[in-house]
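Student: Pulled these features from Swiss-Prot for this protein:
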ACT_SITE  Asp337  active site, proton acceptor
ACT_SITE  Arg339  active site, nucleophile
BINDING   Arg28, Glu29, Asp33, Arg141, Pro142, Gly143, His144, Thr145, Glu165  D-ribulose 5-phosphate binding site
BINDING   Glu29  Mg(2+) 1 binding site
BINDING   Glu29, His144  Mg(2+) 2 binding site
BINDING   Arg259, Val260, His261, Ser262, Glu263, Gln280, Glu303, Gly304, Arg305, Thr325, Thr360, Lys365  GTP binding site
BINDING   Cys264, Cys275, Cys277  Zn(2+) binding site
REGION    1-204  region 'DHBP synthase'
REGION    205-423  region 'GTP cyclohydrolase II'
SITE      His127  site 'Essential for DHBP synthase activity'
SITE      Glu165  site 'Essential for DHBP synthase activity'
Amino acid sequence: MTRLDSVERAVADIAAGKAVVVIDDEDRENEGDLIFAAEKATPELVAFMVRYTSGYLCVPLAGEICDRLGLLPMYAVNQDKHGTAYTVTVDAKVGVGTGISASDRATTMRLLADPDSVADDFTKPGHVVPLRAKDGGVLRRPGHTEAAVDLARLAGLQAAGTICEIVSQKDEGAMAQTDELRIFADEHDLALISIADLIEWRRKHEKHIARVAEARIPTRHGEFRAVGYTSIYEDVEHVALVKGDIAGPHGDGHDVLVRVHSECLTGDVFGSRRCDCGPQLDAALAMVAREGRGIVLYMRGHEGRGIGLMHKLQAYQLQDAGDDTVDANLKLGLPADARDYGTGAQILVDLGVRSMRLLTNNPAKRVGLDGYGLHIIERVPLPVRANAENIRYLMTKRDRMGHDLVGLDDFDEAVPGEFGGAV
């Protein structure tokens, strides 16, 4: 296992104007970024970063800074597979030449971090790429964008960083992997930390969710304990239906059966046959009840894969006219999937989960949760319930969104009723 340095060392180095190396989860980008605070940018730091990275230097910023500077999204519909929120590129209006030199880019970076800067201080497009970080940082999204802003804040600096991916010195056509990053960090006396460790550090020192109430909920699948939560970063409420003793026989919270279910009014409440959400929720409750120990976490604010109820109905309207579920979202100027699972991960940790068997047919959900220090030991498939109304939707999820849904090609619309089974 690669030796990592402490978060405390990384924060101290950031405060001192040094760069650090930050690695993410191997199931995500599996890359290491050089990171330093934007307000500490110098020509020397920028030149060092350009020398050892791809050279595509980005400046992660807190959302309020992006708003103040009028930094709009680079593209109306974010199609980046990791949800990196690129904004329009910029250069400083004053004090630079072409904008591309290390000195020019350092000037632009410092100006982006300056609390007194305004939108008119920049020209667009430019040679520096600002990124909009999620509110809540790595506790909401386990990315380098959020890690850079978190490290700057923890160092007592403005919420602005500079990042770029480190290129392998062995194979310049590839990105450096963990073992090589350790060698690189040692050669240049840089701290090497992981986003997972930063998440764990923040989780120990901060809390962004609040447990509000608990009550007994008898259901047709048996009795559950309903635990209600709020989050300071979201104006929504979430509820976890808990069965049994989550700590388990060894008191360690391992091997818990978990379903993280996205709110779906039409499917869960109205019984809509356009999706498979209602049957998935019912199956998850039944499976947890049979297990005698587990959690069904009901995530509010995830309606329509995070786009909201009205947008979801608009997407349905487009689907009625022939679009599939992905293209309908994109036509509305919305991402195919806008959900994040950071709050859900915090709730699971608060409930005592440390490792879990995740009930899902969506491999992306595993990646969305795995970066938060929650060890997913198994992905447990849910039954697929296809019918004439949702078969095209399910095939789109399989073919365009990577969901693990087998057997759909055997569905026969001429046969009444539902088709499916465990996958």
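Cβ atoms are placed via backbone N, Cα and C, with glycine included.
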Student: Round to a whole number and give the Cα-to-Cα distance in Å for the pair Glu165 (D-ribulose 5-phosphate binding site) and the residue listed as 'active site, proton acceptor'.
Tutor: 25
Student: Which one is it: of the recorded positions His127, Pro142, His144, Asp337, Arg339, whose Cα lies the shortest distance from the Cα of Arg259 (GTP binding site)?
Tutor: Arg339
Student: Using the alpha carbons only, what distance in Å do you get between Cys275 (Zn(2+) binding site) and His127 (site 'Essential for DHBP synthase activity') once rounded?
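Tutor: Answer for this pair: 44 Å between alpha carbons.
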Student: With every protein chain in view, how many other Cβ atoms are within 10 Å of the Cβ of His144 (D-ribulose 5-phosphate binding site)?
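Tutor: I get 29 for this one.
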Student: Could you check which of the binding-site residues Cys264, Cys277, Glu303 is the closest Cα neighbour of the residue listed as 'active site, proton acceptor'?
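Tutor: That would be Glu303, the closest of Cys264, Cys277, Glu303 to the residue listed as 'active site, proton acceptor'.
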Student: Name, in the order they occur in the sequence, the residues of the same chain whose CB lies under 8 A from the CB of Asp33 (D-ribulose 5-phosphate binding site) and which sit 6 or more residues away.
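Tutor: Listed in sequence order, they are Val21, Val22, Ile23, Thr53, His144, Ala147, Ala148, Ile163, Cys164, Glu165, Ile166.
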Student: Given the recorded positions His127, Pro142, Cys264, Cys277, which one's Cα is the least distant from that of Glu303 (GTP binding site)?
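Tutor: Ranked by Cα distance from Glu303 (GTP binding site), first place goes to Cys264.
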Student: For His127 (site 'Essential for DHBP synthase activity') and Pro142 (D-ribulose 5-phosphate binding site), what Cα-Cα distance in Å is obtained after rounding to a whole number?
Tutor: 26
Student: Give me the count of other Cβ atoms within 10 A of the Cβ belonging to Cys264 (Zn(2+) binding site).
Tutor: 24
Student: List the recorded positions among Pro142, Cys277, Arg339 whose C-alpha is within 10 Å of the C-alpha of Glu263 (GTP binding site), in sequence order, or say none.
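Tutor: Those near Glu263 (GTP binding site) - Cα within 10 Å - are Cys277, in sequence order.
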Student: Where His261 (GTP binding site) and Cys277 (Zn(2+) binding site) are concerned, what is their Cα separation in Å, rounded?
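Tutor: Between the alpha carbons of His261 (GTP binding site) and Cys277 (Zn(2+) binding site) there are 8 Å.
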